[in-house]
Amino acid sequence: MENNKVIETIGLTKYFYNPAKFQVIKDVNLSINHGEFVSIEGRSGSGKSTLLYLLSTMDTDYEGQLLIHDELITGQPDKNLARIRNEKIGFVFQFHYLLSEYDVLGNVMLPGFKLGKYSKEELEHRAMGHLKTLGIEKHATKKTNQLSGGEKQRVAIARALINDPLIIMGDEPTGNLDKKNGDVVFDIFKTLTQEFNQTILIVTHDPDFANKTDRIITMEDGRIIS
Amino acid sequence: MNYKLILNIAFHLLRARLKQTIVAAVGVTFSIAMFIALVSFMSGLNEMLDGLMLNRTPHILLYNEVKPSENQPLSLSGDYKRNTNFIRSIKPKDRGKSIYNSMSIIKTLKQDKRIIDVAPKVTASVLFNSGTIEIAGFVNGIDIIAEDTLFKISDYIKEGKVTDLSQNNSIIIGKGLSDKMLLSKGDIIKISTSSGNLASLKIVGISEIGIAEIDNVMSYTSLATAQKLLGQNKSYITDIQINLYDKESAVPLSKEFHTAFNLDAIDYQTANSQFETGSTVRSIISYSVGIVLLIVAGFGIYNILNMMIYEKMDSIAILKATGFSGNDVKWIFISLSIIIGLTGGIFGLVFGYVFSAIIDVIPFETTSLPTVKTYPIDYNIVYYSIGITFALFTTIISGLFPALKASRVDPVEIIRGK
């Protein structure tokens, strides 16, 4: 059963130094299993986003240990971390962060090109497949600024999926969307876990969203309370 | 690292900022083009001015100088060998201007592999007579073929041909001389030498070198005519002019010939040292102006890349989040500057050539330079290589700092800041 853990943390602790030394994450021990749809909930300032960015490997300034798929991540050089993010983690942020220089398909394919596992044709095929699953295949050749907010967020999800990541991490992915689009995005996540057994970790302060997930981690003052 | 992908991203970034990219590249183009046009023009000018003097100066000249004997009788005496001797009021010794054993010296020199050709010459100071007027001047008796191959004397003959000198008793006189004495081609000129000989020579041509001092006094005739004029035999030679394949070796070779033939030898550098200085100063000026232009273009590129990085913070952050390392991001921005430098530089080479070609056809006629009709340009591949190398160098350097900055962007800070 060891292999079932996608992410594991041991004694994760982080301080902010500006303006004064302040402990944001206090000795967090957490593990997320394969196929789980997990949400992290908490008030603003509870450290939930900070925790997500520690797990994302982008923030390396912490104490304790982080393991992804039983591989120790802590202390690895920037180049390896970039490769791990590329291969194993898909991101969806509150803001879509699409590159305006590329069309929709180009945006989705970019992390795939970086991984270099598939040929261009295969990648295109896979990207179109994801866009179809998300119901936006007709926008594939459009520029990103021609899409609505909900559509952009769905493109961002397709981009997160392109390399078959171990886990998708989301930081308030519905935060910028209205109720209707938010529900669409949530349904997409739900479908991904149910049909493709995709592991998903979402940070949210929306209790409605959190309540619909499989597992809720509640944070307060840098600690997991439930 | 995936270079194709990095270049692809760089191209997309550039295309999104096409106008600014073009402005940056045009900066490079302009500076490279100006650099090439300037250096080619300056160097062409240098060559022309050097040619004015240097091309008509032999690399090494062998002659007899009027000077005191190096060994005075006193130094031959054994009694005073160990003393320091002071001799006052020494007079120079006249060994005659003629080079002793000139025929065998010329023969030896002609077999030397380092030497292009040897041109013997007879110079004599004479008086040109026209009615009651006497004008002092010089007659150069030249070996027509050798003189023409070494010094391209036919370039300076305005009327007539230099080969006409092979006729007996013919002469080509300087333009200033012909103007003063109202003589033209076909007339007869009377010449008296310092030894009192009088001769009448037929003018077969007019020469104009462009330096009034020379054109006013100089005339050319064949070796045989000059020897006859002076009442000397066929071995009478006053100067031996030598041109070398390697012009830079003139200094050591002149020393070698000095000791080998016991003749005075002077190399062209010593004879025309002020011209070399002028050329060097002009080169320095044109190179420094060119390099300043390139540095200014470099600042332009630095500015544009810097702005682009601030604009593209989000893109950099998401690239990093989705698996591009700091190194990848750095190379994306370095490629940007290389693309700008390379396209700007190549267009610069083309425009540099065009500008040079335009300068090359602008008429430039002065009475002092009869052979020059347009502004001189030196088309030299070296200037083009320097231009493109420096273009790439400055753009990479000016792109490096923004690229390093981009590689250090912390994605968490950008993403969380939203």
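Glycine is no exception: its Cβ is also placed from the backbone N, Cα and C atoms.
A TrEMBL annotation is a machine prediction, not a hand-curated record.
The transmembrane segment annotation in TrEMBL covers B:21-45 (among others).
What TrEMBL lists as domain 'MacB-like periplasmic core' is B:21-256.
Look at TrEMBL and you will find B:284-310 (among others) tagged as transmembrane segment. Counting same-chain residues at least six beyond the ends of the transmembrane segment (B:284-310), those with a Cβ under 8 angstroms from any Cβ of the stretch are 13, 17, 20-21, 23-24, 27-28, 30-32, 34-36, 38-39, 41-43, 316, 333, 336-337, 340-341, 344, 387, 390-391, 394-395, 397-399, 401-403, 405-406, 409.
The domain 'ABC3 transporter permease C-terminal' annotation in TrEMBL covers B:288-411. Note on the domain 'ABC3 transporter permease C-terminal' (B:288-411): mean pLDDT across this stretch is 85.
The transmembrane segment annotation in TrEMBL covers B:331-361 (among others).
Marked as transmembrane segment by TrEMBL: B:381-401 (among others). If you look at the transmembrane segment (B:381-401), the same-chain residues 6 or more away from its ends with a CB under 8 A from one of its CBs are 28, 31-32, 35-36, 39-40, 43, 290-291, 294-295, 297-299, 301-302, 305, 333-334, 336-338, 340-342, 344-346, 348-349, 352-353.
Within its own chain, the transmembrane segment (B:331-361) has Cβ neighbours under 8 Å at 1, 3, 6-7, 9-11, 13-14, 21, 24-37, 40-41, 297, 301, 304-305, 308-309, 319, 374-377, 379, 383-384, 387-388, 391-392, 394-396, 398-400, 402-403, 406-407, counting only residues six or more beyond its boundaries.
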